[in-house]
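Heads up: the structure comes next, in structure tokens.
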């Protein structure tokens, strides 16, 4: 009986449930893989948050009564375990989102002269050039007026005076009238503990940020920043 070749074995290992693992040299495929990792993390967070809600507790609620004794109306062990796991997952999520942001910068980076003359990657270069044209046409529709320390916005790297070009799937044409940011508020409310990819203009440069709206961070709202309409 013949033994399967290593190439066949490697091919089997690179395909799971019909999905072929991407090449680590392609920014777009790297971003796709990271997004799948991010979604796995996001899917676990609500499980632990539900434990806190069952006990009418958030991440900062005291677990002792006014006399310093453990609260009898709370499952202390389960709440502490859930809090620790939530913190771990949020840290992992932040790291993954940082990696996604870097990967997306590679996806939308303008192709170099060398890459544009490489016939082996002509199709990929053409696609990236089309994406560049679309992204370069974006105009800012909102400005970050303030960012609270320790907030989800601060963790995402948002800064005061950032001009928002794209917020998730929202662009300037998504707002009618332009002075109303209601669609943005709606997207945030639907995205608790889920990442939102943001493109901002900062000091003439464009950056990708990944933001995860969440409650219980210690301040008001799920973002911790004040965003106002903007027009050039």
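Just so you know, the numbers here start at 1 and follow the chain as drawn.
Cβ atoms are placed via backbone N, Cα and C, with glycine included.
Annotated in TrEMBL:
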- 1-27: region 'Disordered' (REGION)
- 13-27: compositional bias 'Polar residues' (COMPBIAS)
- 32-108: domain 'Nas2 N-terminal' (DOMAIN)
- 113-134: region 'Disordered' (REGION)
- 115-127: compositional bias 'Low complexity' (COMPBIAS)
- 144-202: domain 'PDZ' (DOMAIN)
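Residues belonging to the domain 'PDZ' (144-202) score a mean pLDDT of 91 in the model.
Each residue in the domain 'Nas2 N-terminal' (32-108) gets a DSSP state, and the totals come to 56 helix, 2 strand, 19 coil. Helix, strand and coil residue tallies for the domain 'PDZ' (144-202), in that order: 16 helix, 17 strand, 26 coil [DSSP].
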